[in-house]
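Per TrEMBL, these features apply:
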TRANSMEM  80-98  transmembrane segment
TRANSMEM  110-131  transmembrane segment
TRANSMEM  151-172  transmembrane segment
TRANSMEM  228-248  transmembrane segment
TRANSMEM  260-279  transmembrane segment
TRANSMEM  299-321  transmembrane segment
TRANSMEM  399-418  transmembrane segment
TRANSMEM  424-447  transmembrane segment
TRANSMEM  459-478  transmembrane segment
TRANSMEM  484-505  transmembrane segment
TRANSMEM  512-532  transmembrane segment
DOMAIN    513-562  domain 'Cationic amino acid transporter C-terminal'
TRANSMEM  538-557  transmembrane segment
Amino acid sequence: MAEEKPTSSTPTRSYWRWSKKDFFPEASFQSMSSYRTAVSQTCHRLSDRLLARSSSTNELVTLSKASENPMQKCLTWWDLIWLSFGSVVGSGIFVITGQEAHNHAGPAIVLSYAISGLSALLSVFCYTEFAAEVPVAGGSFSFLRIELGDFIAFIAAGNILLEALVGAAGLGRSWSSYFASMIRSDSDFLRIKVDSLPDGFNLLDPLAVVVILVANGVAMSGTKRTSWLNWVASLVSGAVIVFVIVFGFIHAKTSNLEPFFPYGVKGVFEASAVVYWSYTGFDMVANMAEETKKPSRDIPIGLVGSMSGITVVYCLMALALTMMVKYTEIDVNAAYSVVFEQIGMKWAKYLVSICALKGMTTSLLVGSLGQARYTTQIARAHMIPPVFALVHPKTGTPVYATLLVTSISAIVAFFSSLDVLSSVFSFSTLFIFMLIAVALLVRRYYVKDVTPKNDLMKFLMCLFIIIGSSIGVSALWNSNERGWIGYTVAGLVWFFGTFGMAFLSKLRVPKVWGVPLVPWLPSLSIVMNLFLIGSLGLVAFLRFIICSAVMIVYYMLVGLHATYDVAHQNEEGK
């Protein structure tokens, strides 16, 4: 079937335009006087927008008009499976495994991957219900805006963009590490050290910048073309992964698994929080819903099927790595390529390195697709300048949005080391996945102007108990409290909170695809995500707080006034 050609609703306007009106068309930004007036009304506008909820129609139909040209519906469940495989495998297993096995988990890294895989699969279920019923480019941003309101969606949007930038930058840095390790046994060989800069930011990486620019350039050329290229490359990657697992177990030594818990159980959970990065990418694929031919069928099959298989692959690869070499001897930057050299298979080092480079390249490609579409929907809502919502009439892709993410992630990759990037990335991802689980519960149990006030209060009380007990478990763990009484009490509180919610009436039933065992699975997703967040450590919290503070300042000065103007303009137009 031939691909549909995008048609432009404004054929006389050039795509490439840079006027102030394109960036800030809202009434609040027409002049300095109008802006001062808007700022003076900040409290009123904040109360108006704080809990204002969008609608499925608004996200699917109204906002899409801001793009002027449609995205092409060209993807099937087969494309989504391979996009998920290409995005996830490579961004994680070749990047983070060595670092976390060496520093936090030891051989028990396989359990870290199993724990994170279960949590990721729960999040996948939550995403698929939303994506099947609201197949829009905004992904989690749109889902949260519909269920939890404008402000929560904005905080999520900021973290979505942070996730996109940090994820691409981390992949670029890892690509550089693996390539350098193929030339010399020094993963920092191609970086430029600047002693005057602080640790973590003093190894400049020009190669990472080049890789990010090339990958994003390909993604801008067309969605179907990028999907086809990813499919071919992923077949090669799959063959090499089978090689790594088979030869890894052939050269395995069970003695390398001792001690299995060198850093204790706490190390396993600390590693779980970081290796969650290994499973990210499926949210980028869920974000392709607007370009999927049959979202209600293709998204559940593509995401649930691919993530189940990826979890098994990750566990096998992590086990193979730690059985081939002692965890203390694992290279933290290019683990799989160096380990084959350590066991005498130098030629395999190059094969694995090429596979890792391929995996990270396809992760960058698919990530670029998803990141740009997140940015597009955020721009459609005017939380960032709407010029970034424009879809190019020929390629059917959001070129402006891609350029924005590309340029910033390239700058971040140039300066920031992998350990700095990974902790920030994991916090943002886990935070968003937790919010999606909360939003799913809200979607099932609360319908505005329909849910009786008494039932709403019961639901909110149960939700508060679930979140509070989840935070309690995480706090107990981080206080190094290992007695069974505290965990039993917190676990029982969580159980009864979820049990109580199960007796409430569900006012919305999924039309085509739904998460099973609601509220139990979303509630379990909440507790697991919050537990993993609590395992990240103080530095990750501080970085998250600083980034969120910057986002809130931007929201108060720009985003709030833009969205207020758009919302009231739409109301006047009705």
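Here the Cβ of each residue, glycine as well, is placed from N, Cα and C on the backbone.
Heads up, TrEMBL stuff is auto-annotated, nobody curated it.
Within the same chain, residues 46, 49-51, 54, 91, 95, 139-142, 144-145, 205, 208-209, 211-212, 216, 277, 280, 360, 363-364, 367-368, 370-371, 374-375, 378, 381, 383, 405-406, 408-410, 412-413, 416, 418, 421-422, 424-425, 428-429, 431-432, 435, 547-548, 551-552, 554-555, 559, 563 sit at least 6 positions outside the transmembrane segment (151-172) and bring their C-beta atoms closer than 8 Å to a C-beta of that stretch. Most Cβ pairs under 8 Å to the transmembrane segment (424-447), among the stretches 110-131, 299-321, 399-418, 484-505, 538-557, belong to 110-131.
Within the chain, the transmembrane segment (110-131) has long-range Cβ neighbours (under 8 A, six or more residues past its boundaries) at 97, 100, 104, 139-140, 143, 268-269, 271-273, 275-276, 278-280, 282-283, 286, 289, 295, 299-300, 303-304, 307-308, 310-311, 314-315, 318-319, 322, 433, 436-437, 439-440, 443, 510, 513-516, 521-522, 524-525, 528-529, 532. Restricting the average to the domain 'Cationic amino acid transporter C-terminal' (513-562) gives a pLDDT of 86. If you look at the transmembrane segment (459-478) against the transmembrane segment (228-248), you find fewer than three C-beta pairs under 8 angstroms, all six or more positions apart, and that falls short of contact. Outside the transmembrane segment (260-279) by six or more residues, the chain places 88, 91-93, 95-97, 99-101, 104-109, 111-113, 115-117, 119-120, 167, 170, 307, 310-311, 314, 327, 422-423, 425-426, 429-430, 477, 480, 531-533, 535-537 with a CB less than 8 A from a CB of the stretch. Shown for the domain 'Cationic amino acid transporter C-terminal' (513-562): DSSP residue counts in helix, strand and coil, namely 40 helix, 0 strand, 10 coil.
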